[in-house]
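Peer 1: For 1-41, the entry in TrEMBL reads region 'Disordered'. Summarising the annotation, TrEMBL assigns transmembrane segment to 105-126, 138-157, 163-186, 193-214, 226-245, 276-303, 323-341, 353-372, 378-402, 414-432, 444-466. The domain 'Major facilitator superfamily (MFS) profile' annotation in TrEMBL covers 281-509.
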Amino acid sequence: MVPSREEPAAARGMSEAQPPGPESMEDAPLPGPGPSDGAEVAAEKVEVELARPAGAEPPEGGWGWLVMLAAMWCNGSVFGIQNSYGVLLESLLNETGTANDDQMVFKAAWVGSLSMGMIFFCCPIASVFTDIFGCQKTAVVGAAVGFIGLMSSSFVSAIEPLYLTYGIVFACGCSFAYQPSLVILGHYFKKRLGLVNGIVTAGSSVFTILLPLLLEFLTSTVRLSYTLRVLCIFMFVLFLAGFTYRPLVSSAKDKDSESSRFSFFSRRKFSPTKKFFNFAIFKVTAYAVWTAGIPLALFGYFVPYVHLMKHVNERFQDEENKVVVLMCIGITSGVGRLLFGRIADYVPGVKKVYLQILSFFFIGLMSMMIPLCSVFGALIAVCLVMGLFDGCFISIMAPIAFELVGAQDASQAIGFLLGFMSIPMTVGPPIAGLLRDKLNSYDMAFYLAGVPPLVGGVVLCFIPWIHSKMQREMDKTTGGEKMEKMLENQNSLLSISSGIFKKESNSII
C-alpha cells in the first residue's frame, strides 16, 4: 500500500517538534544540487533531510577503514585480473596451438575485451540493484557469480566457450561486486573521499604489478586451467569482503526512507521503470557532457592492456623480462591514484575535471609514442608516464560524480557512466587487433589509439563552464525563493502582531 501524502508531512511535523541535537538542523548541510527539479522534489529532499538524525555526517573512519580495505581488494581482484589478460592471452594461444594464427589472435582478444566491456556495461543495472538491495547484498552475490564464471572457465579447452564463461558470467559478477565498492565509500567518507578513492583504486595497481608475475609463473609451470582456479581464490576472498559493506542506517530508518521515497513516486506518478532508473540525472547538462566525453576518450584506453605484451614480443624479441612493461604501468598507476586522489581533495568543486583533461592528454600522447620506441628502456619510460596519468583518471571519477549530481544520485550517475564506457572499451582492442592482422604491425593501432583521449579531453573542457553557469542560475532562483519566504514570514509576523495588538486594545477598553 502506497503511503498517503499526509504521512511525510506528519513525520516532518514530528521531526520539527523534537529538540535540536548537538548540531542544529539548520546548520546541517543539505544535499548538493542534483538533477531533480520542481517544488515537490525540493520538498521531498527537505523531508528526507529532516528525517535524518542530527550528526548524520559520514564518520570519516572507524569501520570505514575496513570497508576501504575491502573495496581496495575488490578493485585489485577485478581489474588486476582484467589488466593481466595479456599474459593469459599468450598462454591461451599457446595451449590451443594457434599462436601464429592471426585470425585466432583476433578471436582471443575478444574474450578479454568482452569481459572488460561487460563489467562496465552491467554497472547501470548493478547500480539499480545497489539502490534496492544495498551495497552488501549486491557485492556478495556479484562475487559469488564471478567465482562461478571463473571456475567454469577453467574447465574450457577452446576459445569460443570463454565468451560465455569468462566474457559474460565472470564479468557480470565482477560488475555487481565492483559498483557497490564505489558507492559505499561515500557513505563512510566525505572530507577524505578523494584520498580514500585513491587508496581503493590503487588496489588494482598493486594487483596489476604482482599478478603478471604470478600468472607467468603459473602458466609456465601448470596449465591455464589450474591458473584460473588459483585466481578463483581471489574471488572467494572478494565474496567475504562484500560482507563488510555494512549499511550505516538501521532497518527501521531504511523503511521510513523507503516509504517517503515511494510516497514521492506516487505523487509524481512515475512509471515503474523510472522508479529504478533515474534518467532525470541527464537533465544536468554538465553530467550529460561528462558521460559523452569520457566514453569518447576511451576508445583507445584499453588497447595497451590487451596488446602491449604481444607488441613487445614482436618488437623486442631478445628481451627476457617483457612483463615488466605491465608492471611499470601498474606501479605508477598506483602512485598516480594516491597522489591525484589527494590533490583532488584540494581542488574545489567541478574543477577536478581539469585533472581528467590533463590525464587524457598524456594518455593519448603516450599511446602514440609506443610505436616510436625502438629501445626497450624508452618504452618503459612511456609506460611509467602512461600509468601515472591512468591513475589520475581513475581515482577522481567518483568525486566528480558526487560534485555534478550530488550524493543522492551519485550511485546511478556512476553506473550510467560505466555503462557508456563499456562500448568503447569493448570495441577498441578488437579493432586494434584487426589493424595488426591487416598491416602485420601494431604501429597504426597505437597511433590511432592516442586520438580519442585527446578528443575526449577537449569535450571535457566545457564542463566547468556549463556547471558554473547552471550554479549561477540556480543561485538566482534560490535567492528569489528565499526572498519570497522572508516576505511571507514578515507578513505573517505582522498579521500576528497586529492581531495581538488589537486583542490587547480591546481588553484595555
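Backbone N, Cα and C atoms are what each Cβ position is placed from, and that goes for glycine too.
Keep in mind it's a predicted model, so treat the numbers as computed, not measured.
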Peer 1: Against which stretches of its own chain does the transmembrane segment (193-214) lie, if we need a Cβ under 8 Å and a gap of at least six residues from its ends?
Peer 2: 64, 68, 71-81, 83-84, 86-87, 181, 185-186, 230, 323, 326-327, 329-331, 333-335, 337-345, 387, 391, 394-399, 402
Peer 1: Could you tell me what the rest of the chain brings near the transmembrane segment (444-466), counting residues at least six beyond its ends with Cβ under 8 Å?
Peer 2: 285-286, 289-290, 292-301, 303-304, 307, 311, 350-351, 353-354, 356-358, 360-361, 363-368, 370-371, 404, 424, 428, 431-433, 435-436
Peer 1: Mean pLDDT for the domain 'Major facilitator superfamily (MFS) profile' (281-509), rounded to an integer?
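Peer 2: Across the domain 'Major facilitator superfamily (MFS) profile' (281-509), the average pLDDT comes out at 80.
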Peer 1: Go through 105-126, 138-157, 163-186, 226-245, 353-372 and flag the stretch with the largest number of C-beta pairs under 8 Å relative to the transmembrane segment (276-303).
Peer 2: 353-372
Peer 1: Residue list, the transmembrane segment (105-126) vs rest of chain: Cβ under 8 Å, 6 or more residues beyond ends.
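Peer 2: Distant Cβ neighbours of the transmembrane segment (105-126) are 78, 82, 85-86, 88-89, 92-93, 98, 138, 142, 159-160, 162-163, 166-168, 170-172, 174-176, 178-180, 277, 302, 306-307, 310, 412, 414-423, 425-430, 432-434, 436-437.
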Peer 1: Restricting to the same chain and to residues at least six past its boundaries, which positions have a Cβ under 8 Å from a Cβ of the transmembrane segment (353-372)?
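Peer 2: For the transmembrane segment (353-372), the nonlocal Cβ contacts are 290, 294, 297, 300-301, 303-304, 308, 311, 340, 343-344, 347, 378-379, 382-383, 385-386, 388-390, 392-393, 396-397, 400, 441-443, 446-447, 449-454, 456-457, 460-461, 463-464.
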Peer 1: Excluding the flanking five residues on each side, which residues at least 6 beyond the ends of the transmembrane segment (226-245) place their CB within less than 8 Å of a CB in that stretch?
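Peer 2: Sequence-remote neighbours of the transmembrane segment (226-245) are 63, 66-67, 69-71, 73-74, 77-78, 80-81, 88, 91, 134-136, 139-140, 142-144, 146-147, 150-151, 153-154, 173, 177, 180-181, 184, 214-215, 218-219.
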